[in-house]
Amino acid sequence: MANEEELQTAESAFVTGARRYSNDYSESESSSKHSGCSTPVEGTPAEAATTIGARASGGSTTWQRLRQLLMERGSDVHLPVTEIHLKSQEWFGDFITKHEVPRKVFHSSIGFFTLALYVRDVDYRNVRLPLIVGFVHVLLLDVIRLHWPAFNTLYCQVTGLLMRKKEVHTYNGVLWYLLGLIFAFSFFSKDVALVSLFLLSWCDTAASTVGRLYGHLTPRISRNKSLAGSLAAFVVGVISCAVFYGYFVPAYSHVNHPGEIMWNPETSRLSLVQLSLLGGFVASLSEGIDLFNWDDNFTIPVLSAIFMHTIIAFSQR
């Protein structure tokens with residue numbers, strides 16, 4: 001067996017290499033969201049991290065041997081990404097994980113679920129409390145798992161289908177999602193809050209999907225953002241606003257109480273077509289802005305709500 005000094009050196013070198021690879025791997029996946037391209041990586045994360053760790057340790061031990069020694073000693077190495085395989089990887093493989101298919105399906109379904117609540121006359125003001133409760137629960141779980149590796153492994157096995165690899169050892173993007181919606185549903189009218197949610201649910205998904213597939217064919221407009229992704233957000237934003245204001249608001253007018261719907265064709269200088277086009281522009285702009293490197297799940301509903309409220313308010317006769 002290797003002596004304690006050699007073991008510590010090998011362990012330190014391996015963990016350093018694995019973390020360095022994990023960061024590069026996460027950054028390359030993040031950059032591919034809209035540009036459709038990423039840094040080529042040889043092998044799986046675990047294989048590449050093993051190679052880096054072995055090289056960093058001077059080849060004095062292999063990953064398998066190091067793990068055996070650490071297990072014998074009872075050491076728990078907290079490795080980012082490389083030691084935890086997400087459910088989407090286990091069930092569908094790396095392609096589905098890379099393109100975040102389960103996450104996008106869930107992301108989009110929230111918009112349809114919210115629309116169903118709207119037509120069933122669920123008071124939008126009652127949505128805030130469940131959102132706040134959900135935020136507190138997810139935050140507590142994240143704090144626990146980020147300080148308890150064993151629980152983190154179990155957590156990722158259960159919810160990993162909806163997680164990004166970079167979230168394995170960082171706070172969950174759901175926190176930002178909930179925080180953005182809490183802001184929108186707390187300070188804006190019913191229609192503005194709902195539209196901001198639709199733009200987050202559908203436009204962000206469209207931008208990510210189209211950007212990954214065709215972003216390399218169009219110019220980049222900012223870091224990790226492509227023209228293809230922004231155009232997709234614009235088109236879906238136009239459709240979302242047109243369908244909501246053009247069909248659902250008048251068809252289900254009985255679920256709207258006085259003052260809840262801010263835009264009215266009789267009191268606004270904006271027609272439905274103009275409002276929808278501006279809604280698409282808001283979606284594209286909110287999705288494309290990189291605000292202090294904050295999470296899109298927070299900036300999109302917040303900026304969308306602010307922009308839509310401002311547009312509708314200034315267009316009143």
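Count begins at 1; order follows the chain as displayed.
Including glycine, each Cβ sits where the backbone N, Cα and C put it.
The feature region 'Disordered' is assigned by Swiss-Prot to 1-44.
Per Swiss-Prot, topological domain 'Lumenal' is recorded for 1-130 (among others), and the stated evidence type is similarity to another entry.
Within the chain, the transmembrane segment (131-151) has long-range Cβ neighbours (under 8 A, six or more residues past its boundaries) at 76, 78, 169-172, 174-175, 178-179, 181-182, 185. Residues or ranges marked as transmembrane segment in Swiss-Prot (evidence: sequence analysis): 131-151 (among others).
Summarising the annotation, Swiss-Prot assigns topological domain 'Cytoplasmic' to 152-167 (among others).
If you look up Swiss-Prot, you'll see 168-188 (among others) marked as transmembrane segment.
Tertiary proximity for the transmembrane segment (191-211) is limited to same-chain residues at least six positions away from its ends with a CB under 8 Å from its CB atoms, namely 33-36, 99-100, 104, 107-108, 110-111, 114-115, 118, 124, 177, 180-181, 184-185, 225-226, 228-233, 235-237, 240-241, 244-245, 249, 260-263, 279, 282-284, 286-287, 296-297, 300-302, 304-305, 308-309, 312. Residues annotated as transmembrane segment in Swiss-Prot: 191-211 (among others).
Summarising the annotation, Swiss-Prot assigns topological domain 'Cytoplasmic' to 212-230 (among others) and lists similarity to another entry as the type of evidence.
According to Swiss-Prot, the feature transmembrane segment maps to 231-251 (among others), an assignment based on sequence analysis.
Within its own chain, the topological domain 'Lumenal' (252-271) has Cβ neighbours under 8 Å at 118-121, 124, 189-192, 245, 278, 309, 311-313, 315-317, counting only residues six or more beyond its boundaries. Per Swiss-Prot, the feature topological domain 'Lumenal' maps to 252-271 (among others).
Here Swiss-Prot flags 272-292 (among others) as transmembrane segment, drawing on sequence analysis.
What Swiss-Prot lists as transmembrane segment is 294-314 (among others). For the transmembrane segment (294-314), the list of distant contacts is 173-174, 176-177, 179-181, 183-184, 187-189, 192-193, 195-197, 199-200, 203-204, 262-263, 268, 270, 275, 278-279, 282-283, 285-287: same-chain residues at least six beyond its ends, Cβ to Cβ under 8 Å.
Sequence-distant contacts of the transmembrane segment (231-251) (same chain, at least 6 residues past either end, Cβ-Cβ under 8 Å): 115, 118-119, 191, 194-195, 198-199, 202-204, 206-207, 209-211, 218, 261, 263, 272-273, 275-284, 287-288. Look at the topological domain 'Cytoplasmic' (212-230): DSSP puts its residues at 10 helix, 5 strand, 4 coil.
Counting residue by residue with DSSP, the topological domain 'Lumenal' (252-271) contains 3 helix, 1 strand, 16 coil.
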